[in-house]
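J.: Pasting the relevant annotations from Swiss-Prot:
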- Glu60, Asp68, Asp113: Ca(2+) 1 binding site (BINDING)
- 131-172: domain 'EGF-like' (DOMAIN)
- Asp131, Val132, Glu134, Asn149, Phe150, Gly153: Ca(2+) 2 binding site (BINDING)
- Asn149: (3R)-3-hydroxyasparagine (MOD_RES)
- Asn174: N-linked glycosylation site (CARBOHYD)
- Glu226, Asp236, Asp275, Gly278, Gln279: Ca(2+) 3 binding site (BINDING)
- 292-356: domain 'Sushi 1' (DOMAIN)
- Asn406: N-linked glycosylation site (CARBOHYD)
- 438-680: domain 'Peptidase S1' (DOMAIN)
- His475: active site, charge relay system (ACT_SITE)
- Asp529: active site, charge relay system (ACT_SITE)
- Ser631: active site, charge relay system (ACT_SITE)
Amino acid sequence: MWCFVFFSLLASFSAEPTMYGEILSPNYPQAYPNEVVKTWDIEVPEGFGIHLYFTHLDMELSENCAYDSVQIISGGIEEERLCGQRTSKSPNSPTVEEFQFPYNRLQVVFTSDFSNEERFTGFAAYYSAVDVNECTDFTDVPCSHFCNNFIGGYFCSCPPEYFLHDDMRTCGVNCSGDVFTALIGEIASPNYPNPYPENSRCEYQIRLQEGFRLVLTIRREDFDVEPADSEGNCHDSLTFAAKNQQFGPYCGNGFPGPLTIKTQSNTLDIVFQTDLTGQNKGWKLRYHGDPIPCPKEISANSIWEPEKAKYVFKDVVKITCVDGFEVVEGNVGSTSFYSTCQSNGQWSNSRLECQPVDCGVPEPIENGKVEDPEDTVFGSVIHYTCEEPYYYMEQEEGGEYHCAANGSWVNDQLGVELPKCIPVCGVPTEPFKVQQRIFGGYSTKIQSFPWQVYFESPRGGGALIDEYWVLTAAHVVEGNSDPVMYVGSTLLKIERLRNAQRLITERVIIHPSWKQEDDLNTRTNFDNDIALVQLKDPVKMGPTVAPICLPETSSDYNPSEGDLGLISGWGRTENRTNVIQLRGAKLPITSLEKCQQVKVENPKARSNDYVFTDNMICAGEKGVDSCEGDSGGAFALPVPNVKDPKFYVAGLVSWGKKCGTYGIYTKVKNYVDWILKTMQENSGPKKD
């Protein structure tokens, strides 16, 4: 038993690899002992095999060498078991048994049972290192492609376009690293349509510009990859990965997935993995970038150019607002802007929108007002009104304006021009009822003669015919380019005049046919006794101030004998004193001969020297007349063919031979053309 242990310990001892060696059974060449187990570990250098041969074998014979035996073991597997006797097979060779193994390690185990009836001497064996052809001597081929043997080893090599993996045995294709950036392309497995290489991992990358989504197209007949095994596992496979999406792995004869794969990404990774076997042709696919769409509407109330059913990445459109709408950015408005479909599927300038044009707060008008509008945007309507009853609108339909597409308030008749409130002429707020003469007549109110203008020095009168114009007699303003004038007061008291409107003169325009004379007292020719005074500022109309109408040129405005007209003024009375309260009266028109027959009161003039023309009207009756201080005031007649009382200036107080009798009035109808032309040529106030 101790002997068994001793030999076992010796057998487990390992030494450095050697090129050759000798193995002898215990006690050789004497009889080997019973109950012995001994092991020899043989190791030659890497890259060599072992040639083992026996020159002597003499052991107990038994069935299957069950009693005594020599075992040859490689990698735990019994290669051979020997027992019995052997003799040389060749007379020239001492070898009785020999073996050659392609491995560089072997175990030889000697075993004897508990008794031997005969004397057996055991065995003698020798081993040596021999070169191995690894490329042919093994069942498993060591190289995937080309195997190259040399003494003590071998090396593997690969065909062109292949490379040797780190295991130095298998070849693969260098098919990774390709990056595709074109919007349209085709990708195929290596060697397609020839069989693809084994033991390879091909990685392809598609990297498109942001704003495109990758779409793959694969025909079934363009896909041939080693089918899955019985458990459904793909040893060769094609896989697609796009951000958070994965498609595959796919394998088989004919593409098993959808023929069109639409990703939501502009990047895609393709992985084609193969194992060591297979003779399939591989695959081919096509891809293209599908541009990301943008919503069709950026801003309502707009027109797009060009018009398309679908807008996609990089499309540029011109967006034009429809009439009445505009794009407002800051304080600047425009009717159009450009927008580009961006890579994120959103339009540039999406913050801009077509908003209704805002016409803004309507401008105020003189002597009128505009109602507060509910809104001031496109389509809104406003109404202007004049300050009634003292003003009226020049155009009957001129009060309604709508907010137009161009951002202006527009009237159907006037366009963008603002309405004008024209003073109502010839309508007193209180009709004159007392029929008393001025010369010694009764007082009246300014409301009955709102057109009456008071000239302070020399005292005289005038007629307001427009907010900028006063009509008077030429001799009232002769030699006075800046007369002091008031309107709106009945009394000439200082405190009352303070509350009246003082009129500031812009210019005095005397009729060009009026003959200038230095001394009024000696004047006998009052032909063309008419003048206009233009005012610097407009007169504000009201219950005490209003213009009188001008006559028209039709025959209806020809004064006729017997017509009753109104006169007013602050001239002297029969006791030859000037009054401070306005007086008025009704006077009939009479024939010019009646005025010619009046005895002259002026001691400096003869009756026959006075000039009478068709430019004059004679009016009055005994005791009813105008007098000094009334000059220039209006002789008012009712406007013909109107329902409500309205007056026009038929004449201007001009002169008379004697107060309290018949007086001469300048016939205004003869000067209407000159009046209108002069007013037009000097329209508006003079600006400082």
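All residue numbers here begin at 1 and follow the chain in the order shown.
Glycine residues also receive a Cβ, built from the backbone N, Cα and C atoms like all the rest.
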J.: For each of Glu60, Asp68, Asp113, Asp131, count the other CB atoms within 10 A of its CB; which of these binding-site residues has the top count?
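T.: The most densely surrounded of these binding-site residues is Asp68.
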J.: Residues sitting near the domain 'EGF-like' (131-172): Cβ under 8 Å, six or more positions beyond its termini, same chain?
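T.: Same-chain residues near the domain 'EGF-like' (131-172) but 6 or more away: 45-49, 102, 190, 197-201, 276.
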J.: Using DSSP, how many residues of the domain 'Sushi 1' (292-356) fall into helix, strand and coil, respectively?
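T.: For that range the per-state counts are 0 helix, 32 strand, 33 coil.
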J.: Quick one: among the binding-site residues Glu134, Glu226, Asp236, which has the most Cβ atoms sitting within 10 Å of its own Cβ?
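T.: Result of the Cβ crowding comparison: Asp236.
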J.: Give me the count of other Cβ atoms within 10 A of the Cβ belonging to Asn406 (N-linked glycosylation site).
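T.: Summing over all protein chains shown, Asn406 (N-linked glycosylation site) has 14 other Cβ atoms within 10 Å.
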J.: Whose Cβ, among the recorded positions Asn149, Asn174, Gln279, Ser631, has more other Cβ atoms within 10 Å than any of the rest?
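T.: Of the recorded positions Asn149, Asn174, Gln279, Ser631, the most buried by Cβ count within 10 Å is Ser631.
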J.: Radius 10 Å, atoms counted are CB only; among the recorded positions Asp275, Asp529, which position scores highest?
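T.: It comes out as Asp529.
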J.: Specify the nearest of the recorded positions Glu60, Glu226, Gln279, Asn406 to Phe150 (Ca(2+) 2 binding site), where nearness means the distance between Cα atoms.
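T.: For Phe150 (Ca(2+) 2 binding site), the closest Cα among Glu60, Glu226, Gln279, Asn406 is found at Gln279.
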J.: Note the Cβ centroid of Glu60, Asp68, Asp113, the recorded Ca(2+) 1 site, then list each other residue of that chain whose Cβ lies within 8 Å of it, in sequence.
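T.: Near the Ca(2+) 1 site, beyond Glu60, Asp68, Asp113, sit Met59, Ser62, Tyr67, Ser69, Cys83, Thr111, Ser112, Asn116, Phe120.
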